[in-house]
């Protein structure tokens, strides 16, 4: 292991009781506690002369840290990276799509190796499949009073304001759909720090019996959900991949029978598809097994229903209206279509009906990144302020653009030459087609879905919001495509 770095004169001395190892990259001493009588912490003890008789090795569970070789067995029993018992709501691949390997050739031609003719054929298929689709969405750029103070706080920089504007618009759209209210459970997919749920909770004020389930597959620092102390709001964080989440086994939903509102801000690619399946297929199926009518059948048999979104009342079964549905609504900001996957995609039937399959989907998802590639180039060449450009860089860092982004300087890497504007239009068509499959899926499941722009592209290049509510006759007029 690397020997302890020499102490920099400007750094001073290590804190008493702390490790004496100087971290060159951070220009400071390690802040870990050293054992009594030792100069270094366990991680850096191998560098010290007094500890060189004991060998440290990489932990086999997580090579990001080391452990004494003679204490490996003991360490493996308590290592934070050890596999933990699966919770009751974990069911392997319950929200995954059907695996059909026969539809995808073993070796697809890399996108960069496509001939000019192959690329032209793909673009022709894309344009034919997109005929009749509305290539632009309605503007639903909104805000909400709950974020007024934060949006006008001078201490918030451009990056923070950018995210606050998006959260405010999502919150405004949730309210417009009449999904803000008491006695329900908000499930935030890809929750991260939980800030979207945080603002929903603030907007609800003193609403009774509100639960929040925050789903995130990785450990997250600086979470905000742990700071809430309202007696009528309960926050629960589930560290699990959405692909394996069985919502009807989560205790609060199993026992409380609260209607669910699925929300998410920038739910990347495949995560959107497994989240939709988690909500409208896996979760709804648990109620159908209890001899409750499927949503689509209830809508067909109830043409006179005027209430678009009735809340489940707390109490006995007799208090629950006949039109109660497990999923009250869905509001998800989409992004990263290049991270979609044919196996998990919910719009397979839509693609097949258009004569398209896994191969076309494979290439369309990669070309979808051109939508924001073209916009980024035009922004860089415009009079956009440096602050706005920094915000765009931050957005690109938050959501990886994938390996198929093309800038203006390397258009010749494609078979034939496509201008930035042409790539941008093609990318948008790819996104539109993928999203259209999701809309059809939701319609078939008894929902009235829609796509809308929820924020300005200068705030976020990924500015499309997917919303859906149960398609009762009265809601179909208000929530059209």
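Keep in mind that glycine also has a Cβ here, set from the backbone N, Cα and C atoms.
Keep in mind that what you see is a predicted model, and the values were worked out from it rather than measured.
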Discussion item. Labelled region 'Disordered' by Swiss-Prot, one stretch among 272-295, 296-319, 320-343. Can you tell me which?
Written reply: 296-319
Worksheet item: Quick one: which of 379-414, 415-450 does Swiss-Prot have down as region 'Disordered'?
Response: 379-414
Worksheet entry | Which range of 113-140, 141-168, 169-196 is coiled coil, per Swiss-Prot | 113-140
Item to complete: When you get a sec, could you say which of 56-83, 84-111 is annotated zinc finger by Swiss-Prot?
Response: 56-83
Worksheet, complete the sentence: Across the zinc finger (56-83), DSSP yields 10 helix, 6 strand, 12 coil
Worksheet, complete the sentence: Here the 10 Å Cβ neighbour count for residue 65 (Zn(2+) binding site) comes out at 15
Fill in: Protein Cβ atoms within 10 Å of residue 59 (Zn(2+) binding site), excluding its own
18
Worksheet item: For residue 75 (Zn(2+) binding site), which residues in the same chain are close in space, meaning a Cβ under 8 Å from its Cβ, but six or more apart along the sequence?
Response: 59, 67, 68
